[in-house]
Every structure is written in structure tokens, then in C-alpha cells.
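Worksheet: the structure to be examined is printed underneath.
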Amino acid sequence: MDLFLYNTLSREKERFLPSNDPVKLYTCGPTVYDYAHIGNFRTYVFEDLLKRVLLFLGYSVHHVMNITDVDDKTLAGARKKGCSLEKYCQPYINAFFADLETLHILKADAYPHATHYIPQMIEAIQQLIDQGIAYVGQDQSVYFSISRFPNYGSLSHLNLEELRQSSRIDADEYDKDNLCDFVLWKAYDPNRDGEIFWESPFGKGRPGWHLECSIMSMALLGQSLDIHAGGVDNIFPHHENEIAQSESLSRKPFVRYWLHSHHLLVDGKKMSKSLGNFFTLRDLLQQGFSGEEVRYLLLQGHYRTQLNFTQEGLQAARQSLKRLRDFISRLEDPFYPDDIIHPEVGSACQNFLEAFVTSITNDLNISSALASLFDFIRKINGMIDRQSIQEETSSEFSKQDAQHILSLLRQIDQVLGVLPFSQADIPEDVLLLVKEREAARKVKNWKEADRLRDEIISRGFAIEDGKTGMKVKKI
């Protein structure tokens, strides 16, 4: 089935046509000066959804996510703490990978560190200087001359003539009001940088943030990428500058599809420490929420709309996951009768899968996909509720029906990454005790049924009697 994605470059939804196999995917990773916050993870969960959808549709994916371990913020942090850059960044790198696991985010194929690619960055800067595209400023930093790149502003759709343009800027982050030549190599300042610098033909210093991503992506994925994704804040200046650098070096189109997720708000406001609404994943885990609950909340809205993160939203995510957990537990009941997959169940499964795939291939419309999932759950629960456990008829919901649905749920969880499947099978000896208890109940031998219940509990399993039969769960 065709996949359609909204391309920031064209501002249109386009059919995805990869250049080759595998799909070359580059996503902006963390700047490891602190713990990643939930706004960062909104973007990372979106990028994970994108990757999962590609894999679900049968594409092979070569995914690279960078680790920015040298920039204004990391240098300031290391200097303040009085330690090496590596020692300062490593705890935050470790925490980032732990957070990825907690949120069920698939690992990338490579996580290049900016500090490992500085020789390649120096070589690229020299090439740009030789072409007359970059120059050494009076402050001994090296700058990219945006006037030498005619397509500058194409991604962010800037009208260069309407914007105030200054001569140059050496900060890593700035806004559109400061459109200017940007830094490729920041000259060493002992008062600012301490003892952290690299030698180069242009003098001591370190690379600019924008150059780092260009060099690492091209080193590991080649000169032209299929997809580059990140947050909307990265469009300008970061991704705009990446295009200018990369295409000046390669003389080839840098990226075919640009995807960007929108902002995350907290209680309707921009997240900030001063407002007291700044959360890391660790903060939420300490409040008693699970990684699955946080992932579900970050996942459920369309990536190109703002997501309002609230405590009420987390509670709603918890309830949604409970509904999913209860449904799966109901299907995992081992005491449905053996029978065929009934046409009504097969038809419901097929209709649901078609609706789910139609949604995710329409620019990753996960909210529509989740709506179809809960419609499906209501329909199947209705089928199970209608069955009569007293009459063994061919129309009764069967074990094969349940297994077919569970298989389908496992299939779509390749995209969602949140479904709570049971972690332990029920041992045969416990199943035998349950069957004996079921037989005792049918002949109204309540004393024996109670004894068998106690025996089952003693083996670490709970048993619930319901109108559709008995359910067994590990305690």
C-alpha cells in the first residue's frame, strides 16, 4: 500500500518513493547537556512511529540518529562542572538510552557522536573555503556565506528580502530575525571554552552545531537521504543550514522528504523551568506513571498538531491502556472451545486491519488508527458477550477466533509499541486444575470448586468467574 507523507519542503502530502533499499533515515538526536525532556520525546516517539510504519509496510530502514556532545550548552556545562566534555556528557547519554528503552523506542542502526567526526568536519570546512563559500572572519571563526547558496530559505520558505540580515552570527541557535552567515568553526575562547578545543588549519576551536549533522549523516548514509526528521523548531536555522552546507559540498539534493513534529505544550503553555511545568521522563516515572502510559500519550495525537500534555491526559492514557490490557487478557483466556475461525470474526479483523493501514499510510494518522482499534475492540467484546457458555454450539466464540485476533494485535503493535501482552504462559498443571474446577462447577460441587481455586491461587495464579467462563491471570 502506498505511503503518503507531508513534506515540509514542498508543503504538500507526497507519495513516498525511496531512492533505494534500504530507506535512508536520519533523525536529530539529543544534545547531551542535560536529561531529555518530554518535549524532546514527543519528537522521538513521532520518529519511532515513522520508522515502525516503514518497517510494517515492508521497507528496510537504515536509521542514523546523532548525539550532539559538543556545542554551546555542553561546553558551558563541562566548564561549570570543571570536568572533561566526555565525562560531563556520558551520564546524560546513558540516561537517554535508558529512556529510549522505557518508551519502547526502536534503536537506530548508528548513534554517531559529533566529537568522533571532527577530522571530517575540518576537511569539509576547508573544502567550502576553497570554493569561496566559507570564509574566516575577523574573530578567526569560519562562516558560511548564505549569499553563495541561492536556494537558502527553501525549507523554511523564507523571503530573504523581507528579513533583516546581519553580517554573521556565531551562536548555535538563533531565530529568523537574525538571518545571517552562520558559523562552521567557532574560534577558541579560553574564557568561554576552558581547555576544550581542537586544532585545525583555521586555528584552535570547535565545529558549529549545524555542520555536525551534515557531516555525520553524509558519512553514514551517503550524500542524499530519503528522509530527515526532527522537531518543528529545527526547521530554521538548523535544517536550513544543513541543506546549505550539504548541497554545497556534494552538489546533490540533500534530502527528499523532510518531516517535522509540532510543539508539545504542558497545560496549554510552553514548557519552561520557570513556570514549573518542565518534565523529564524520570519525573513522570517517579509520579507513578509507566513508560507505556507516557508513550501512549505522546503517540496518540497527529505529529503535525500541537500536543497538550496534562496530568488528565496521562490518566486517560492509563485508562486506554487498561482497556487494551483487559481486552487482551480476555482473549488470552485458555478455555474458549476449539472451533473454526468464524466468518463474523474474520470479517471484523479484515475490516479493522484495512482501516488501520489506511490511517497510518495517510501521513501517519495515528489518532484515526487508534479510533479504529477501539471500534474493533467494542465489536469483538460484543461478540463474546453475546455467546452463551451453557450451550456448546458452532456459533460460540472459539479459541481459534481469540488466537486470530491476538495475532492481529501483535501485528499492529509493530506500529504502536504499547500493547500489554501477557509475559508468562499458564503452566499445564495449572490448566489441568482449572479444567477440573470447571467440571466441579458444572455439577455444582462447590466445595471441590473452592478447594481447586485455593490450589490454583497457591501456585501463583488468580481465577475469575464470569459469564463467558473462567479467566486465569498470574498474580
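The backbone N, Cα and C atoms fix where each Cβ goes, and this holds for glycine too.
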Which listed span Swiss-Prot calls motif ''KMSKS' region', if the choices are 20-24, 270-274, 310-314, 450-454: 270-274
Per Swiss-Prot record, range annotated motif ''HIGH' region' [choices 30-40, 206-216, 360-370]: 30-40
Candidates C28, C213: member of the binding-site residues with the richest Cβ shell (10 Å): C213
DSSP-assigned states of the motif ''HIGH' region' (30-40) in counts, ordered helix, strand, coil: 3 helix, 2 strand, 6 coil
Three-state secondary structure, which DSSP defines for C28 (Zn(2+) binding site): coil
H238 (Zn(2+) binding site), number of other Cβ atoms within 10 Å: 18
For E242 (Zn(2+) binding site), the number of other Cβ atoms found within 10 Å of its own Cβ: 27
Coarse DSSP state, helix versus strand versus coil, of H238 (Zn(2+) binding site): helix
Cβ-based neighbourhood (8 Å from the centroid) of the Zn(2+) site, residues C28, C213, H238, E242 excluded: N66, W209, H210, E212, S214, H228, G230, N234, H239, N241
